């Protein structure tokens, strides 16, 4: 029996898959479009990972020490200042994301009107989630006010919290996914996966700590992001 008969083809059907070959096929295909060593791609990954790390570290430090509140002589002003920094970091993240996409090849199969319209729809849905979350929570509710001692009086249950938890995060993810599809960019799709994974880690890290803050305040509960 020849080697070709004894070794299954990676595309020969589910019952005949050589998973090592399949993984290699996927990796080869991906590297055809995405250069993970490109400086723009690296910068995008770093900004995506850095932002939640930064705001969680600073917010927990503030909760433990109240240094920012003391420096600004007001927890509200301190929260507004941190929120402004977070907004600027998010602008930088989006810029790096876009530049990474534009510096790497498009995928011909995605470069069509249907995919563009799907991306535009996702961008619209994501924007609605982000803006409606912001209006439901307010500035301090959105930007970690509970870590500054600025607590919500009652749990937020209005749209979009009535249909999904953490709508700010998932709305942002939908925005990046839509933006990637509109640019027919495999690089953008891969970076969107990074965004989603970072947000999942952030949620797992944030929610127990935030719940503990509210547990210490009887009769108060909340929902954030």
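Glycine residues also receive a Cβ, built from the backbone N, Cα and C atoms like all the rest.
According to TrEMBL, the features are:
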type	residues	note
TOPO_DOM	1-35	topological domain 'Lumenal'
TRANSMEM	37-55	transmembrane segment
TOPO_DOM	60-71	topological domain 'Lumenal'
TOPO_DOM	93-119	topological domain 'Cytoplasmic'
TRANSMEM	113-137	transmembrane segment
BINDING	124, 125, 126, 206, 207	S-adenosyl-L-methionine binding site
TOPO_DOM	141-183	topological domain 'Lumenal'
TRANSMEM	176-205	transmembrane segment
TOPO_DOM	205-225	topological domain 'Cytoplasmic'
Within a 10 Å radius of its Cβ, which of these binding-site residues (206, 207) has the fewest neighbouring Cβ atoms?
207
Within the same chain, the residues at least 6 apart in sequence whose Cβ is under 8 angstroms from that of residue 125 (S-adenosyl-L-methionine binding site) are 171, 174, 178
Which residue, out of the binding-site residues 124, 126, shows the minimum number of other Cβ atoms inside 10 Å of its Cβ in this structure?
124
Using DSSP, how many residues in the topological domain 'Lumenal' (60-71) fall into helix, strand and coil?
11 helix, 0 strand, 1 coil
Grouping DSSP H, G, I as helix and E, B as strand, the residues of the topological domain 'Cytoplasmic' (93-119) number 20 helix, 0 strand, 7 coil
Mean pLDDT for the topological domain 'Lumenal' (141-183), as a whole number?
93
For the topological domain 'Lumenal' (141-183), what does DSSP give as the number of helix, strand and coil residues?
22 helix, 0 strand, 21 coil
Close approaches to the topological domain 'Lumenal' (60-71) from elsewhere in its chain (Cβ under 8 angstroms; 6 or more beyond its ends):
78, 81-82, 147-149, 209, 213
Across the record's S-adenosyl-L-methionine-binding residues 124, 125, 126, 206, 207, the largest CA-CA distance in angstrom?
27
